[in-house]
Amino acid sequence: MGYYLTWLTISRKKEICLNNIKKTKEGHLETTLRGKEVLSIPTLNKGVAFSLEERQELGLEGLLPPTVLSLDQQAQRAYEQFQAQPDRLRQNVYLSDLANRNEVLFYKLLKNHLREMLPVVYTPTVGEAIQEYSHEYRRPQGIYLSIDNIDGIEKAFENLHATAGDIDLIVATDSESILGIGDWGVGGINIAIGKLAVYTAAAGIDPSRVIPVVLDVGTNNEKLLNDPLYIGNKHERVQGERYEAFIDAYVKAALKFFPKALLHWEDLGNKNARNIMKKYNHEILTFNDDIQGTGAITLAGVLAAMKKTGASIKDQRVVIFGAGSAGIGIADQIRDTMVLAGLSEEEANKRFYTLDYRGLLTEDIEGILDFQKPYLRNADEVKDWKRDEKGQIPFDEVVRQAKPTILIGTSGVSGAFTEEIVKEMASHVDRPVIMPMSNPTHLAEAVPEDLFKWTDGKVLIATGSPFDNVEYNGVSYEIGQSNNAFAFPGLGLGSIVAEARIITPAMFAATADAIAEMVDLETPGAGLLPSIDKLQEVSIQVAIAVAEAAIKDGVANRQPEDVKQAVLDAMWTPEYKKVIAK
């Protein structure tokens, strides 16, 4: 038998849970707890679904209404309660409370209504929950690590009372760049919790084997610093050597206690995200979802477009409008796939044109960041290109001269893909691939309806934000959303199943290709990315492909004979276990 753990609530209840609940070989839960204590543990509590026999053995008689309901009946009632909430923030709070009251029921409800509830537990509503975190705070969830107490990091992990094999996945954020809303300090724990909920709903990652972590290094958000109810560190955000030492202490402690765990980084600032990737990506099992996850799902859209047009990835010319971490992360993954298709890395780099607030990035521009350097254009190559009053090569001139086949926006500049620019691109490409990736919706570089109109319906689109179908010339076009939820759950599950030591470029490419393979290429109007209704199906295929790629790359410590079965066996499902009184 082994301990059965929950990481949604770290409190005194945790110690009760750890000391008094065990999972039997048959999959039952065995406990010494009785009465109200049983009802207080979210992994143990079934509410009115406890059988009459369980109620007698566990001391629950008289503590519950007499009727026994099934999990399905409970889920029906919970859905009615969810629908009765006045807005999405209240729905988020309701689901959070449910998760901390009855974990199985929460995931059953989420699985039953994934399309409707994913935007509530994850982006965009989780952004509202993060902003209101200190005012909506009810109970601790996860691990809170403070830069002002580096020496306490190991103690925090020790306080979980978990063994080395108990944890598969840790999602951590320093909250500097939360979604599209910026720096929100300790409230960023909610993005880690939301991410883990998606891991479980999409890929069946066991919720008892994960930990959400917030790395509290302070905040530069004046609203939080001036808020008397703010519960995070009330000082400006720490950077530099002290920040790096804090991150290093976290990584060392996490892997000391849980050496096989996948470390997922979420919503770090650009500079820190890149530095952490550079330091750890080739040493441990880790990835940054904002950079590498976004790159994988965008690459999936590109590969699906190639399948639709019959074109080769290595022949594409790509303009990236927004050369920050996300934009360059996308470029890196497309570039790596071009290399796998036969180009040299130098040849592949030359297929890209990257822009930021300085216009086209060229070798003679000062202040270029290291991660941007592979894609700089030679100054002599563009010496005759038109420049604006600042001496910069503007976006419209890049499109005119480079004649891109793929246009990707990660700028957060609403409406940047103007009619003039889009029509210029469409004039030299049979099927322009245009991907306005910025989110939320009001920051998108273009709206799909305009893109169809400006290209006479030739465009192939994927977006970063959700958009309704577009009706054009009698066809309803589904707009595929480049939602990282299609990528990171399966990537994580596949890495865990293979016990991968690191995540290789081929594993990211396998993620993208598996997603692209799930796209409907035959139905008129089908999107470049799968429907969210296929999220679990996609995640399973991604996990299989990732595990196989890890084995092929020689980075897997486990090589199951039947990878598909190993993936399916590893998936947790929201079903009540029999609870036995010990």
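Yeah, the Cβs are placed from backbone N, Cα and C, and that goes for glycine too.
ASP290 is the residue from ASP227, ASP290 that Swiss-Prot records in the divalent metal cation site together with GLU266, ASP267.
Each residue contributes its Cα atom, and for GLU266 (divalent metal cation binding site) and LYS195 (active site, proton acceptor) those atoms are 9 Å apart. Residues near ASP267 (divalent metal cation binding site) in space but far in sequence (CB under 8 A, at least 6 apart, same chain), listed by position: THR173, ASP174, SER175, GLU176, SER177, ILE178, LEU179, GLY188, ILE191, ASP290. Put plainly, the binding-site residues SER325, ASN439, ASN484 were compared by Cβ crowding within 10 Å, and the winner is SER325. A distance of 11 Å separates the Cα atom of ASN484 (NAD(+) binding site) from that of TYR122 (active site, proton donor).
In sequence order, THR354, LEU355, ASP356, LEU361, GLN372, TYR375 make up the list of same-chain residues 6 or more apart from ALA323 (NAD(+) binding site) whose Cβ falls under 8 Å from its Cβ.
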